[in-house]
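Quick look at what Swiss-Prot annotates:
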type    : residues                                                   : note
BINDING : 46                                                         : NADP(+) binding site
BINDING : 122, 123, 124, 238, 239, 278, 293, 294, 295, 296, 297, 319 : FMN binding site
């Protein structure tokens, strides 16, 4: 599906080499201050053009078509479009019938019977422009509640930071070309990416997301737990293969006496749960880790088949990220923001008191 969310519905549209990509955000309350500069800054963070990302250079200028009047949201659908200006579709002519390894070519073709071979169409990371735009709008609502979502890279290839989560440097990451959270490892991360690129290869990455200012009570029980919603959102990002919340996999190696977050004087003494208990936020920071596979588009010679079943060797052309996880950190923040904004709106009717408060009743 192309639509995400329950109360705050986000729909993306467009293809990598189509006319444009964009989104529609429906359900945003009226009266939220719309920060167009922030929206553009988020899109600029996601842009390629550096030696650590795709050479494809797009202006990615957002055009807000509806849902905003005199600087505030109107309560009606917000439509945002970003026109594609630098697509090189001819680079993909040799892939019309070919299935690229680790791409969605094979599965899209056999599911739909048709696929857009130009840059992958809807399966391209270009679609994440829409996600970042939608996430920026969601962040404008979260600001009203002082909820802050931050992401950065803590691992590239075999280089992984051993800093404690509270030691990750988000201020440094804001200035880093690769959103690196560990200043001591930035050069290693960069070299790993460049070495992969120079050898016609790619490399994976690990992204850390922290949400501060969390409220108690976001999320639902059982099938709409906050952690399941977050995992769903993050796993839907291109190239993501795993998500951890709190201690994540490490929790399976721990004793309950160590993993349990004790309370004293009304406060949690630790946060092994990552800010979620029983599928509902407990007010502590949300702690998330998202793991990206190596970009499947590599320039080394590869083997595959075409749609007729013929065995082929081929070499890709085009412009591709040597490490998709770097820009993926911006997308991770966007998806988390969309989930939290949706949960905030859902929580407004979670119990009778909340509902009465919405109408000024006691």
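Cβ coordinates are placed from backbone N, Cα and C, and glycine is handled just like the others.
Annotated features, which come from Swiss-Prot, shown on the structure.
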residue: 46; record: NADP(+) binding site; CB count, 10 Å: 23
residue: 122; record: FMN binding site; CB count, 10 Å: 18
residue: 124; record: FMN binding site; CB count, 10 Å: 22
residue: 239; record: FMN binding site; CB count, 10 Å: 22
residue: 293; record: FMN binding site; CB count, 10 Å: 17
residue: 295; record: FMN binding site; CB count, 10 Å: 24
residue: 297; record: FMN binding site; CB count, 10 Å: 23
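Each residue contributes its Cα atom, and for residue 297 (FMN binding site) and the residue listed as 'NADP(+) binding site' those atoms are 18 Å apart.
Here the residue listed as 'NADP(+) binding site' is positioned 17 angstrom away from residue 122 (FMN binding site), judged by their C-alpha atoms. Of the recorded residues, residue 124 (FMN binding site) and residue 46 (NADP(+) binding site) place their C-alpha atoms 14 Å from one another. When the record's FMN-binding residues 122, 123, 124, 238, 239, 278, 293, 294, 295, 296, 297, 319 are compared pairwise by CA position, the greatest distance found is 44 Å. Counting in whole angstrom, residue 293 (FMN binding site) lies 18 from residue 46 (NADP(+) binding site) by their C-alpha atoms.
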